[in-house]
Amino acid sequence: TSLLDDMIGVGDMVLLEPLNEDSFINNLKKRFDHNEVYTYIGSVVISINPYRSLPIYTPEKVEEYRNRNFYELSPHIFALSDEAYRSLRDQDKDQCILITGESGAGKTEASKLVMSYVAAVCGKGAEVNQVKEQLLQSNPVLEAFGNAKTVRNDNSSRFGKYMDIEFDFKGDPLGGVISNYLLEKSRVVKQPRGERNFHIFYQILSGASEDFLCELKLERDFSRYNYLGLDSAKVNGVDDAANFRTVRNAMQIVGFMDHETQSVFEVVAAVLKLGNIEFKPESRVNGLDESKIKDKNELKEICELTGIDQSVLERAFSFRTVEAKQEKVSTTLNVAQAYYARDALAKNLYSRLFSWLVTRINESIKAQTKVRKKVMGVLDIYGFEIFEDNSFEQFIINYCNEKLQQIFIELTLKEEQEEYIREGIEWTHIEYFNNAIICDLIENNQTGILAMLDEECLRPGTVTDDTFLEKLNQVCATHQHFESRMSKCSRFLNDTTLPHSCFRIQHYAGKVMYQVEGFVDKNNDLLYRDLSQAMWKASHTLIKALFPEGNPAKINLKRPPTAGSQFKASVATLMKNLQTKNPNYIRCIKPNDKKAAHIFNDALVCHQIRYLGLLENVRVRRAGYAFRQAYEPCLERYKMLCKQTWPHWRGPARAGVEVLFNELEIPEEEFSFGRSKIFIRNPRTLFKLEDLRKQRLEDLATLIEKIYRGWKCRTRFLLMKKSQIVIASWYRRYAQQKKYQKIKSSAIVVQSYIRGWKARKLLRELKHQKRCNEAATIIAAYWHGTQARRELKRLKEEARRKHAVAVIWAYWLGLKV
């Protein structure tokens with residue numbers, strides 16, 4: 001099988017003809033309309049957020065993509081995950097999966113799918129399952145504390161996350177290490193309209209029991225807290241109470257002790273209550289304004305939660321101590337400065353808590369063994385951002401994306417070049433836009449924007465956003481990717497689309513205008529030392545651990561590193577890490593701004609295609625040879641196009657492919673033979689092969705159909721013949737049985753008649769004999785009677801004579817006497 005089979009549109013954009021923005025978007029739209037949300041650019045996966053559940057992530061799908069070639073099945077995130085996992089397990093190559101895209105494009109879901117796939121296909125066993133469960137359950141915890149509802153996304157990651165999953169030599173997970181980048185801590189104190197604060201605040205208030213809320217000194221009503229935006233406190237389809245239970249359960253699985261979980265929620269409650277502290281102005285004798293806390297009840301409850309002396313914290317909100325060498329100067333804070341100090345404390349407290357959570361999760365999920373480990377990194381980081389109002393956060397985020405784009409182009413070209421060299425194909429130089437010039441504009445140590453910003457923040461005297469912009473106008477005026485109305489370069493003097501308080505940078509993804517307001521403050525990220533020391537004095541062990549610089553014994557008069565320099569160092573470390581691994585890319589695209597299914601906004605998708613540099617990616621991939629395939633699958637797929645290779649080729653696969661291409665008379669400049677792969681220069685050649693294959697398959701299908709029909713008819717005829725013989729034999733048997741029965745019954749009738757005749761004849765003879773015997777007997781009886789009567793008559797006569805004689809004698813005698 002191949003992704004070319006039953007393809008909707010084009011499954012791999014490298015094969016798109018003609019290649020332009022419109023055809024690119026139309027192809028994506030066509031696939032999106034048919035629920036095909038994944039498309040390839042070579043080995044890069046484009047993922048379009050469908051904003052609904054699709055039945056393509058089932059255990060059956062996992063098995064379908066397991067141990068299959070990347071181009072064997074239709075495009076899917078599981079194919080990339082499987083390719084990365086098998087390269088790591090079988091070839092011992094460390095992998096990284098880079099997931100980029102704008103907010104709402106589905107980056108977090110993509111990272112979850114990658115992790116769930118790897119968890120499903122790697123080994124089993126009680127210990128392995130525990131590690132997998134801990135790695136997966138770290139997600140809900142980080143999402144609760146680091147994600148928020150924004151206008152574009154109901155579950156937007158407001159921090160960058162890089163997770164290294166560590167495996168043993170068998171490919172079973174041993175543990176992991178998470179790195180976080182630039183949490184958007186300004187969201188803690190202020191959210192744009194229609195957006196929410198971090199999820200955890202709403203989850204605690206919705207899901208915690210009444211007793212637990214009393215312990216945290218909180219009330220369930222969102223409107224009681226100034227840090228929570230009310231216009232979108234509830235999100236459709238999101239159950240904050242259920243999510244709170246999920247987070248607590250996840251913290252338990254990851255390995256948080258009960259007292260640690262309690263401490264974390266106490267810090268969250270303290271941050272929430274800090275927003276309710278309000279200040280009022282008060283004039284001092286010396287004429288300076290001083291701020292005082294209006295209602296000390298909130299302050300008292302915060303101090304009870306954190307174990308801080310109330311007077312210490314109250315003083316930290318009203319005074320600021322500046323140390324220089326051996327001198328200490330204490331100044332009062334006016335109301336504006338007090339609010340700044342309060343918000344800075346809330347932001348720092350929450351930001352440090354988040355960093356502590358990441359560290360604590362790392363302690364639980366890190367590999368316990370010291371054996372050599374294979375590593376798969378998953379980078380889920382904010383995509384390029386262009387808003388109506390772009391500030392320091394967007395500048396930093398876009399700088400990170402410039403670096404990612406730079407490494408993406410470098411590694412893609414490097415990968416292409418390595419494959420060409422490996423296969424013995426001549427490498428031709430590829431023309432592409434190198435965004436190193438933009439990276440240099442931002443990060444150069446002498447003339448870069450970040451260096452200028454740091455220099456301005458550290459400079460003594462009055463430092464404002466305007467002075468920073470002036471400095472940029474002097475240093476960067478001649479740079480071709482920097483635009484400012486006030487720069488020495490006259491071409492922007494009359495550009496009314498560019499306000500005076502803004503500067504514009506032409507990024508690889510397009511031009512972005514940044515409002516300079518807030519750059520200096522956000523880069524300084526200052527927390528007054530008095531507040532750090534107040535936090536360190538807390539009896540709450542977690543809060544004390546979050547502010548080590550507050551320890552008077554370890555006072556460091558050096559300024560802490562700025563936010564920009566910290567992020568620059570983090571990005572440099574990340575890039576160094578990524579360059580040691582084999583990269584895999586997932587480019588996420590948001591189809592519409594309404595978070596609705598079945599809607600594809602061409603203009604929005606076009607905008608994302610530009611700033612993700614997808615067309616550039618296709619051109620780089622197509623600059624040499626658009627398609628390459630190993631000889632065996634190539635021969636297997638197209639062997640029916642040549643009589644010599646069909647149906648079986650006995651020799652080496654390469655020789656078979658050579659015979660095949662010669663037979664098809666494909667121009668030599670259209671392909672090259674590598675050591676293990678055939679390289680096809682133009683997609684048209686591939687589509688020609690596909691068309692020929694399709695036609696040949698139709699012919700073969702007709703032939704198979706013809707043979708099948710003949711076979712079917714012959715089989716039916718033989719079956720009918722066999723059936724006729726069987727029926728005939730059964731009939732003959734039946735007929736013979738009937739004939740036999742008839743003959744038998746006739747014989748029985750004849751026999752019965754004969755037996756009757758014989759019986760009657762015998763009867764007659766017997767009767768005659770009987771009559772004869774009876775006659776003889778009667779005659780004899782009569783004869784014997786006659787004889788007897790004669791004898792009786794004689795005897796009677798004789799007796800009478802004797803009697804007469806006797807009588808006479810007697811009488812004689814008597815006479816005589």
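Glycine is treated like the rest: Cβ placed from N, Cα and C.
Feature annotations, reproduced from TrEMBL:
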BINDING   GLY101, GLU102, SER103, GLY104, ALA105, GLY106, LYS107, THR108  ATP binding site
DOMAIN    8-694  domain 'Myosin motor'
REGION    571-593  region 'Actin-binding'
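Taken together, the residues in the region 'Actin-binding' (571-593) have a mean pLDDT of 86 on the 0 to 100 scale. DSSP assignment over the region 'Actin-binding' (571-593) gives 9 helix, 8 strand, 6 coil. Summarising the environment of THR108 (ATP binding site), the number of other Cβ atoms within 10 Å of its Cβ, over all protein chains shown, is 22. If you look at the region 'Actin-binding' (571-593), the same-chain residues 6 or more away from its ends with a CB under 8 A from one of its CBs are 28, 32, 41, 43-51, 77, 80, 83-84, 87, 93-107, 110, 114, 152, 162, 179, 181, 375, 377, 379, 383, 399-400, 403, 407-408, 411, 415, 599-601, 604-605, 608-609, 612, 614. Sitting within 8 Å of the Cβ centre of GLY101, GLU102, SER103, GLY104, ALA105, GLY106, LYS107, THR108, and not among those site residues for ATP, are the Cβ atoms of ASN49, ASN153, SER156, GLY383, CYS588, LYS590.
Long-range Cβ contacts of GLY104 (ATP binding site) within its own chain (separation 6+, distance under 8 Å): ASN49, THR150, ARG152, ASN153, SER156, LYS590, ASP593, LYS595. For the binding-site residues SER103, ALA105, counting C-beta atoms within 10 A of each C-beta gives the highest total at ALA105. GLY106 (ATP binding site) has a Cβ environment of 24 other Cβ atoms inside 10 Å.
Cβ environment of GLY101 (ATP binding site): SER47, LYS107, GLY383, ARG587, CYS588, ILE589, LYS590, GLN608, LEU612 lie under 8 Å away, each six or more residues apart in the same chain.
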